[in-house]
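Reading through the structure tokens given below for one structure.
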Amino acid sequence: MEALNNLMYGFGIALEPMNIAYVFFGVFAGTIIGMLPGLGPISALALMIPITFAMEPSSGLILMAGVYYGAIFGGSTSSILLNAPGVAGTVATSFDGYPMAKQGMAGKALAIAAYASFIGGTISIVFLMLVAPLLSKVAVSFGPAEYFALMVLGLTAVVSLSDKSLVKGLIAAVVGVMISIMGIDLQTGTERFTFGSAHLLDGIDFLVVALGIFALAEVFVMLLRGGGGKEQPRNAIGSLRLTRGEVKEIAGPIGRSSVLGFFTGVLPGAGATIGSFLGYSMEKRLAKDGDTFGKGNIKGVAAPESANNAACTGSFVPLLTLGVPGSGTTAVLLGALLVMGVTPGPMMLEQRPDVFWGVIASMYIGNIFLLVLNLPLIPLIARILDLPRPLLLSLILIFCMIGVYGMSFSVFDLLLLLGFGLLGLGMRLFGFPAAPLILALILGNIMEESMRRALQISGGDWMIFVEKPISLVLLVIALLSLALPLARKALQRALA
Amino acid sequence: MTRLNSNQILALLLALVALGYLAMAWQIPAFPLPRPIDSDLFPKVLGFTLLGLSLLLFLERPQAQDAPPAPDPEEQARPLLLRPWSRVVVTALAIAAYALLLVPVGFVLASTLLGVGLTAYYGYRRHGVNLAAILGVVLALYLTMTRVMDVYLPTGVLPF
């Protein structure tokens, strides 16, 4: 009953005309940006921060959340039509979506993606509504030691679940923490790593790093890969209609993958990508016609699409209840919230119920928008894929520039943006994952603060981190998350 | 002597960064009042961690994904200024020039020049569409930022 009352309160906020407009804009912009190959939800969110920083926090988060799940949905369109996923979370969709498009059933695949995303998103919001307040109650008892351990776990999980080298992931995370602690130490007023520059006294703005490492680096990568006007052939859309038999066939996979996707999203480090792959492989195993997966099976589109949208909603659980993002994307969301003056965490439910329940209620509205906007407008929206690539690259550059300058009014930050863009390019070329860096950048400061507060409480005794049971368990899981992939690799090598 | 692989070269560079970082961490002044943990401890932990990770990276064999892809021969046959790496360098220089000229020239003019110039350089030949699209987006952004969001953007040589 309490959850329903809270939800009604949330709807009171989400249904304010301006907030409805923000959801609509967020979902629309997210769909378009997510559709463009290469630009994922992190870039989409980073590009939106300058727009939201002057907004009411509830409105800002409503818009950003819309961009996030809109981008996940938009990614499926380019996966299906071009076999070029705009977002990593929709790679699994292309396995069957693209073969369907080649068989002249692109419209059907897009419609299944829209329905599956809608249902996956909606089911997971119900779970979010039920799970988040419970977790908040548990998290209220967390002290600095537990928080430190939780953040260590968040970082190691993201590193260990990345498909790239574990060592390189850890290096990216350490560099992210190093960047985050630049500037004046707020506890002692001491300058650290400012190189005597007044520009660095406040540290480096996270937006500069996020836009540089993701959006600008993506432009550089596209330029290296040809960048010019090579247009990809796009498949015709065809009919969007589904038969009753097809609806029956996809109902089970959508339901199962939605639940699986949500809980995958809640776990730190996992997210839309892993959720969608798990959903896909689960349905492939369960299906009687599993051998037709990869050749245009409609369940192969329904499962990853419901799972990735559900995982996207699930990732809001640790963000809103613990204040600890579990992925690069939610790290950018946390950064945006901090810019707006809101610190998510267990107290947010009591201190900022407007933000908490407003964003949850807005997700219901956003998912409806996704469906009604995308189904009839898919053929029209898909034309954005025809935008000449050179024009697109220049527009991304301009958005990055205005994003940074509009926040800091600093030419120095524009040059820093360029530096981070080149660093991001280097990271891509040499196989360093970017998500751990951005997550560490957001968590680094809070991590150090939690560690120092815990040690102040214990009088400098490091045993505080292992004496507290929750902290100990979290640290052991963090250690295992790093050790298990290494052990598996060693075992594979020994067996080979 | 065997040649170093890409991971080993990167590891040596990162080790140098870690050593420089540690040297700077040791120069962080101590807080006058005694505290269980001072401003320098966390950076020192980070510096040593990076050093240790550099060593691990030195020992790790590079995977196929860890090296830049071989250049496309078709792209390499183009004139020097139009090759992929030249495009990256020219874009980086254009961004640096934009940063330095933004205040004196103004947001609208600098952004339009950057956008139109780079789009044409990347090979888009419909110059009218290019100008209309970039100018439209730049003006829309400028008016939204300055009139709706009350964010100041440099006007430069233009009167508005």
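Including glycine, each Cβ sits where the backbone N, Cα and C put it.
Among the features that TrEMBL reports, transmembrane segment is placed at A:20-39 (among others).
Positions annotated as domain 'DUF112' by TrEMBL: A:20-439. Note on the domain 'DUF112' (A:20-439): mean pLDDT across this stretch is 84.
Per TrEMBL, transmembrane segment is recorded for A:110-132 (among others).
Sequence-distant contacts of the transmembrane segment (A:138-159), counting only residues of its own chain at least 6 positions beyond either end whose CB sits under 8 Å from a CB of the stretch, comprise 166, 169-170, 172-173, 267-270, 318, 321-322, 324-328, 345-347, 433, 435-436, 439-440, 443, 446-447, 449-451, 453-454, 457-458, 464-465, 468, 470-472, 474-475, 477-479, 481-482. TrEMBL lists A:138-159 (among others) with the feature transmembrane segment.
The transmembrane segment annotation in TrEMBL covers A:166-184 (among others).
Annotation comment: TrEMBL describes A:204-224 (among others) as transmembrane segment. If one looks beyond the transmembrane segment (A:204-224) by at least 6 residues along the same chain, the residues whose Cβ comes under 8 Å of a Cβ in the stretch are 38-40, 42-43, 46-47, 49-50, 179, 182-183, 332, 335, 339, 389, 393, 396-397, 399-400, 403-404, 407-408, 413, 416-425, 427-428, 434, 437-438, 441-442.
Annotation comment: TrEMBL describes A:324-343 (among others) as transmembrane segment. With a threshold of 8 Å between CB atoms, the same-chain residues lying at least 6 positions outside the transmembrane segment (A:324-343) that come near it are 40-42, 45-46, 48-49, 52-53, 55, 57, 60-61, 64-65, 68, 147, 150-151, 154, 157-158, 206-207, 210, 265-271, 315-316, 318, 352, 355, 407, 434-436, 438-439, 441-443.
The transmembrane segment annotation in TrEMBL covers A:355-385 (among others).
Residues 36, 39, 46-47, 49-50, 53, 199, 204-205, 207-208, 211-212, 215-216, 218-219, 222-223, 227, 339 of the same chain, all 6+ positions outside the transmembrane segment (A:391-417), place their C-beta atoms under 8 angstroms from a C-beta of that stretch. According to TrEMBL, the feature transmembrane segment maps to A:391-417 (among others).
Nonlocal intrachain contacts for the transmembrane segment (A:429-447), taken as residues 6+ away from its ends with a CB within less than 8 angstroms of a stretch CB, comprise 42, 147-148, 151-152, 154-155, 158-159, 162-165, 168-181, 206, 209-210, 213-214, 217, 323-325, 327-328, 331-332, 334-335, 338. According to TrEMBL, the feature transmembrane segment maps to A:429-447 (among others).
Under the heading transmembrane segment, TrEMBL lists A:470-487 (among others).
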